[in-house]
Amino acid sequence: MNQKKLSLFGFFALTASMVLTVYEYPTFATSKLHLVFFLLLGGLLWFLPVALCAAEMATVEGWKNGGIFSWVSQTLGERFGFAAIFFQWFQITVGFVTMIYFILGALSYVLNFQALNTDPLIKFIGLLIIFWGLTFSQLGGTQRTAKLVKAGFVVGIVIPSVILFGLAAAYFIGGNPIEIPINSHAFVPDFSQVSTLVVFVSFILAYMGVEASASHINELENPKRNYPLAMILLVILAISLDAIGGFSVAAVIPQKELSLSAGVIQTFQTLILHFNHHLGWLVKVIALMIAFGVMGEVSSWVVGPSRGMFAAAQRGLLPKFLRKTNTHEVPVPLVMIQGIIVTLWGAVLTFGGGGNNLSFLVAISLTVVIYLVGYLLFFIVYFVLIYKKQNLKRTYNVPGKIIGKTIIAGIGFLLSIFALFISFVPPASIAKNETHTYQMILLISFVVTAILPFIIYELHDKKGHDTIEEPTHFKAGDVNPAIYPAARGEHHIIKKEEHILKH
């Protein structure tokens, strides 16, 4: 019996959650009207190449189950395959910190307790309470919280976004003052000022993770037509919504007053009180809704990305104890190690950056540079596929034959290199006395992270550690569409009786 194929809309819905990146709107706002240029650049010249190349690799015979781990292992060898899945997982450990900073920014307004967002010690304690509370809530299995994640996405992400867009539209139509200049010169950044370009990395972050959905092209009806169409629709929607969201923040909050972790709440406060001074309570309600929504998103990240590392453990690439799960199919040892790493990142970023905008910017840049190393491997693998493994059968091809494939992948590869290097330039939005701190935290953290998977691979004795299960990729029906694609993970947790933790 043939499995029912995904329609264009069904496939689009699997990835649509990535178009609402509310917590990035304040960072987008720091680029003022340049945000439109950066969104177009990232969407057309980075997101689409990643999406198209991933789709072709996902349909190669023998590559359909393993995701990026399988793709890289099949071409560059197991060592680099492990590194790719490691980077895909490790970037999330930094991403947790960024997300929780955003939650703390919202809660600081609700509780009227600004120290929660500005004092490094209090902020770090708040981060630990939220992160570990959400981590332990996931040990009972992700099925228990799946409905909560969906509710959080609707209540805390979709509804506030609609309200924000509506308020901003009313504000602009009313002819009210706007905090940023609007003219023909304001759209294109000054490329001679490198410090104004570094914010581009946050726009790349908004597009990351689409490769996790590419595997579902094997379930899509008429993929040659529908897959590119779905990706084009997705990028148009992402550019439109992110442009509106970022502009809404930039237009009403002066740049010098903008908090990257609480900027969305600042915007709601300004807009709501502009229309009615008696609705301060409504701002707190919306802030609480947003905190709830992002908490739901963070909770969905706890288990998802560790699935790839669990697949590596089941291939014998990690110590045996990392194959352990509890009865709810949660890889507890991996999740606990992940928690320790997040705690360390939280300490480094919060105390190293002083708990202010610097901490948030370093966290975003570090997330991006870690993920970009994985994407560089991704594009290298694609070049190997189209030049050295042309004989491998596949059901989808990037348009343009070998020349078109080379140009499309080449653009994505070069833009990845550009974003990687530009990340280390201190942004124009931070004070001059903070530039050295920004570079040192980012550079040291990046170097340690870049060599870590290769050290782990070399030190772990892989003799006698046979593969107990090959990775099994998610089908479309296994995916919770409310979860951001980069945080879902791509593989099932294959539970073995002998590897279940005993109480």
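The backbone N, Cα and C atoms fix where each Cβ goes, glycine too.
Here's what Swiss-Prot has on this protein:
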BINDING   L33, H34, L35, V36, F37, F38, L39, L40, L41, G42, G43  L-glutamate binding site
TRANSMEM  35-55  transmembrane segment
TRANSMEM  153-173  transmembrane segment
TRANSMEM  194-214  transmembrane segment
TRANSMEM  232-252  transmembrane segment
TRANSMEM  366-386  transmembrane segment
TRANSMEM  407-427  transmembrane segment
TRANSMEM  440-460  transmembrane segment
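Mapped onto this structure are the features recorded in Swiss-Prot.
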residue: L33; record: L-glutamate binding site; Cβ within 10 Å: 21
residue: L35; record: L-glutamate binding site; Cβ within 10 Å: 29
residue: F37; record: L-glutamate binding site; Cβ within 10 Å: 16
residue: L39; record: L-glutamate binding site; Cβ within 10 Å: 25
residue: L41; record: L-glutamate binding site; Cβ within 10 Å: 18
residue: G43; record: L-glutamate binding site; Cβ within 10 Å: 22
- Would you confirm whether the transmembrane segment (440-460) and the transmembrane segment (366-386) meet the contact rule of 3 or more C-beta pairs below 8 angstroms, pairs 6 or more apart in sequence? yes
- Task: Take the transmembrane segment (232-252) and find every residue of the same chain, 6 or more past its ends, with a Cβ under 8 Å from one of its Cβ atoms.
- Result: 12, 15-16, 18-22, 24-26, 28-33, 35-36, 39-40, 43-44, 47-48, 161, 164-165, 167-168, 171-172, 178-180, 203, 206-207, 210, 258, 263-264, 266-267, 270-271
- Note on the structure: Sequence-distant residues near the transmembrane segment (366-386) by C-beta distance (under 8 Å, 6 or more away from its ends) are 50, 53-54, 56-57, 60, 68, 71-72, 75-76, 80, 83-84, 87-88, 90-91, 94-95, 98, 201-202, 204-205, 208, 211, 349, 392, 402, 405-406, 409, 412-413, 416-417, 419-420, 423-424, 441-442, 445-446, 449-450, 486
- Sort L33 (L-glutamate binding site) into helix, strand or coil using the DSSP assignment. coil
- Note on the structure: If one takes Cβ-Cβ under 8 Å and requires six or more residues beyond its ends, the residues near the transmembrane segment (153-173) are 17, 20, 22, 241, 244-245, 247-248, 251-252, 264, 267-268, 271-272, 274-275, 286, 289-297, 482
